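Asker: Pulled these features from Swiss-Prot for this protein:
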- C42: active site, proton acceptor (ACT_SITE)
- H81: active site, charge relay system (ACT_SITE)
- E141: active site, charge relay system (ACT_SITE)
- H33, H46, H48: Zn(2+) binding site (BINDING)
- 1-15: compositional bias 'Polar residues' (COMPBIAS)
- 1-22: region 'Disordered' (REGION)
Amino acid sequence: MRSAQSKRSQSTATGERTLHIGRDRPIRISAGHRLQHHDGKCSRPHGHNYEISVEITGQLTDEGWVVDKGTVTAVVSDWDHRFLLEDGDPLVDAFREAGDGDAVVVLEQPPTAEVMGVVLERKLHDALPETVSAVSVTVAETPALTAGPN
């Protein structure tokens, strides 16, 4: 019996695990954006109190975790109190000319919740150790609009 428990402990320590950050208490950031080519009110500058949750799968590190939560929150928090704009939006230059260029995050695509999730997944994957095999991000823009993996 003891050897079976020992083998089970070894497989847990060496197998992949998933870390859930923000599942019950999301990471909250406030950010502005606009959808430049939208026909409705979303083309105007506005903001949201985003709620973000992250799932990270990977091997346990020597420290006994998949990743340090502080690394994840630092990447996400980099967008807190920033304005997200699509590359080519004239507001990018307006922010820079006003001396607020550091307040802008320029994305290659429109700053929708879906795009935000994909970009944050890439940024996290780049910032995390090679022991990480998968990163998924869910972004809630409003209680009625949440984007994440299938």
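Any Cβ shown, glycine's included, is placed from N, Cα and C.
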Asker: What residue among the binding-site residues H33, H46, H48 has the most other CB atoms lying within 10 A of its CB?
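Answerer: When each Cβ's neighbours within 10 Å are tallied, H33 leads.
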Asker: Residues other than H33, H46, H48 within 8 Å, Cβ to Cβ centroid, of the Zn(2+) site?
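Answerer: Filtered neighbour residues, in order: A31, G32, R34, C42, P45, G47, L84, E141.
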Asker: Within 10 Å of each Cβ, count the other Cβ atoms, then let me know which of the active-site residues C42, H81, E141 comes out lowest.
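Answerer: Comparing Cβ neighbours within 10 Å for the active-site residues C42, H81, E141, H81 has the fewest.
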Asker: Between C-alpha atoms, which of these active-site residues comes nearest to H48 (Zn(2+) binding site): C42, H81, E141?
Answerer: E141
Asker: Where does H81 (active site, charge relay system) sit in the DSSP three-state scheme?
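Answerer: The three-state answer is coil.
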Asker: Rounded to the nearest angstrom, how far is the Cα of E141 (active site, charge relay system) from the Cα of H46 (Zn(2+) binding site)?
Answerer: 12
Asker: May I ask for the distance between H33 (Zn(2+) binding site) and E141 (active site, charge relay system), taken between their Cα atoms and rounded to an integer number of Å?
Answerer: 11
Asker: Tell me the Cα distance separating E141 (active site, charge relay system) from H81 (active site, charge relay system), rounded to the nearest angstrom.
Answerer: 14
